[in-house]
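Read the structure below first, then the notes.
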Amino acid sequence: MDSEGGGSGGGGGGGAVKDLATPSKFVAAFFLGGLVLGASLLAVQVGISLPPSLQLPPPLWGGRRRRRRRPVRVYMDGCFDMMHYGHCNALRQARALGDELVVGVVSDDEITANKGPPVTPLHERMIMVAAVKWVDEVIPDAPYAITEEFMNKLFNKYNIDYIIHGDDPCLLPDGTDAYALAKKAGRYKQIKRTEGVSSTDIVGRMLLCVRERSTGDSHNHSSLQRQFSHGHGQKVDDGGSASGTRISHFLPTSRRIVQFSNGKGPGPDARIIYIDGAFDLFHAGHVEILRKARELGDFLLVGIHTDQTVSATRGAHRPIMNLHERSLSVLACRYVDEVIIGAPWEVSKDMITTFNISLVVHGTIAENMDFLKKRNEKKEASERKYYEGKTYMSGD
C-alpha cells in the first residue's frame, strides 16, 4: 500500500511539472501568433507583400461562397379575353407563389377551336397582360392545353418551376383536364378563382344594357344603375325560360384594394401627373393613354368617376362595370401609382393644391366609328364560319 501511495505521490509530482509547462507553451504560441497578426495588418496598411510562411490563412467562412438562390419562376396561361379585375387578381395570386411570373396568352386559333372566337384579338390581349404590374414576361400564342412538348419547353427554355391555374376546372372538348400532365409531373399549383366576375358575365351585362337602352324605360335604367353601383344581382326574365344574367357579384373590401395598391406615395420633388375618366371595360386603349401620361412625370394619379357621373355623361346604360371594379382594373396597371375612387368631374384648384398636381392631361375620344364597324363585320364573318356545322356550344 505504501509503495502504491509513493507511486501515487510520484505521479502527482510528475503531473505538477506538466501543468507548469503547458501554460508557458500557450503563452509563447499566443505571443508568436500576435506578432504574425500584427505584421500582416501592418503589411496590408503599407502595401508590403509578406512571404507565404507569414501570411494568415483565409477564414473558414470565406473559403466557399454561398450560391445565390435562383428565382422561382411560375407560369400561368389563359385567354384573357375582355380582361377584367378577376384576371388581374389571378395573376397577383400566381406571382405571390414565386419570384417571377411568366404568362402565356392563348392564340386566337386555339381559343376558337376550344371555346369559340375571342372578342379581343391576340395583340390587344398581349398589351393588356403585359400592362399588369405582377407580370414579368409574356409568351404569345400559348396552347390551350399543356402538352408534353410545351411543358418540357417551359421547364427547359423558360426555367419554369411551377405551372399555376385557378381552382375552377379547365376541360378540353373531349372532357380531359388541360393541366393533367403538369399535375402528374408534380409541378402544378392552384390558386383561388375570383368570384363575382367572368368574361361571360360581362357580355351578359352588356347585352342587358343594350336591351334596356332599346326599350327606353327610364325606371329600368335607374334600377339597373343602382344594382351596378351596389353590386347586387338582377334576374332577367326572357319569357320565363331563364333564371337570368347577374349584373355584378362584386363586394368591395378595403383588403382587396390594398392588395392591388402600390402602397407608395410620391417623392418630395415628384412631378405628379393627373388624368381622369370612366375607364369602363378597361381595354388596350386605356393602357396606352396611361402609359403616355406616366411618361410625362414621376407619379401618375388617376381619377375614377362615380357611376352616377358616368351615367349622366355617357348615358343611362353606362357604366357596365361599377366604380370599385373599374378602380381595381386601373390599379392593376403598371403605369398607375395611385387612384382617386369617385373623382369629381371638374378638376378644381383646391384639388390641384391638395394632391400637389403638376400637370393635368386628358385623352381624345374617337368620333369616327368606321373602324369599329369594319372590325365588327370581320368578327361576325369569323363567328359565322366557326358555328357553321356546329351542333353544340362548349361552355365557358
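Every residue gets a Cβ built from N, Cα and C, even glycine.
As written in TrEMBL, here are the features:
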type	residues	note
DOMAIN	75-204	domain 'Cytidyltransferase-like'
DOMAIN	274-367	domain 'Cytidyltransferase-like'
REGION	217-244	region 'Disordered'
TRANSMEM	26-48	transmembrane segment
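Broken down with DSSP, the domain 'Cytidyltransferase-like' (75-204) shows 48 helix, 29 strand, 53 coil. Helix, strand and coil counts from DSSP across the domain 'Cytidyltransferase-like' (274-367) read 34 helix, 20 strand, 40 coil. The average per-residue pLDDT of the prediction over the domain 'Cytidyltransferase-like' (75-204) is 92, rounded to a whole number.
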